[in-house]
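What Swiss-Prot annotates here:
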- Tyr17, Gly18, Thr19, Leu20: substrate binding site (BINDING)
- Glu92: active site, proton acceptor (ACT_SITE)
Amino acid sequence: MGHETMTPATTTLVFTYGTLKRGFSNHVLMQDLIRSGDASFKGVYQTLDKYPLVCGPYRVPFLLNKPGSGYHVNGELYAVSPRGLSRLDELEGISRGHYIRQPIRLAAAEEEEEEEGDLETEAPSSCVVEAYYAHKSYEEELWRRNRGRSFGAYTENEARGYVKRNDRPQHLSFLDHIRIFVSSPCD
């Protein structure tokens, strides 16, 4: 079955800041979406406003919707088809209260050598796009658990100790892992 060509009217721009970025464990999904024509890489971007980017259980990254706190967060921008967006929403647990998808303002970061995909259309220098934030049900506790400390980019250093979903205890839900993490003593 063929895919319709993605057009600006049929795509959603999505900002990725964690494990969906190139070089991280969930980027395989972005690669699949690019191969199937359901996503295209648009460039390296940074949030216009400062936001806290923190790690939760198993070094999973979370963007907290607290504009003005934290740093300008670095990440990657993708144009995603409706089918691709559905797959991202599933990964991020939108219907299960894991993350919420909301708008965020971005600015293009300095040019970086492109590794995959092509820039089919010129990417905007600044724009409002969608991002996956920590769900409101645990956002404040996650911020307190991190003692108000955050970082501006999810790098190999922040990802050290990351545990893939299939390697985590399977008898607990994602939200159970978060509840345990936020109630545990800080390092």
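Counting starts with 1 at the first residue shown.
Placement of Cβ uses the backbone N, Cα and C atoms for every residue, glycine included.
Remember, it's a predicted structure, so these values are computed and weren't measured experimentally.
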C-beta crowding around Gly18 (substrate binding site), within 10 angstroms: 23
Cβ atoms near Tyr17 (substrate binding site) (within 10 Å, other residues, all chains): 24
Count of other CB atoms lying within 10 Å of the CB belonging to Thr19 (substrate binding site): 21
Additional residues surrounding substrate, by Cβ distance to the Tyr17, Gly18, Thr19, Leu20 centre under 8 Å: Thr16, Lys21, Phe24, Asn26, Pro61, Gly75, Tyr154
Distance, the residue listed as 'active site, proton acceptor' to Gly18 (substrate binding site) (CA atoms, angstrom): 11
Pairwise Cα distance for Thr19 (substrate binding site)/Glu92 (active site, proton acceptor) [Å, integer]: 11
Integer Å distance between the CA atoms belonging to Leu20 (substrate binding site) and the residue listed as 'active site, proton acceptor': 10
Recorded positions compared (Leu20, Glu92) - highest count of Cβ atoms within 10 Å: Leu20
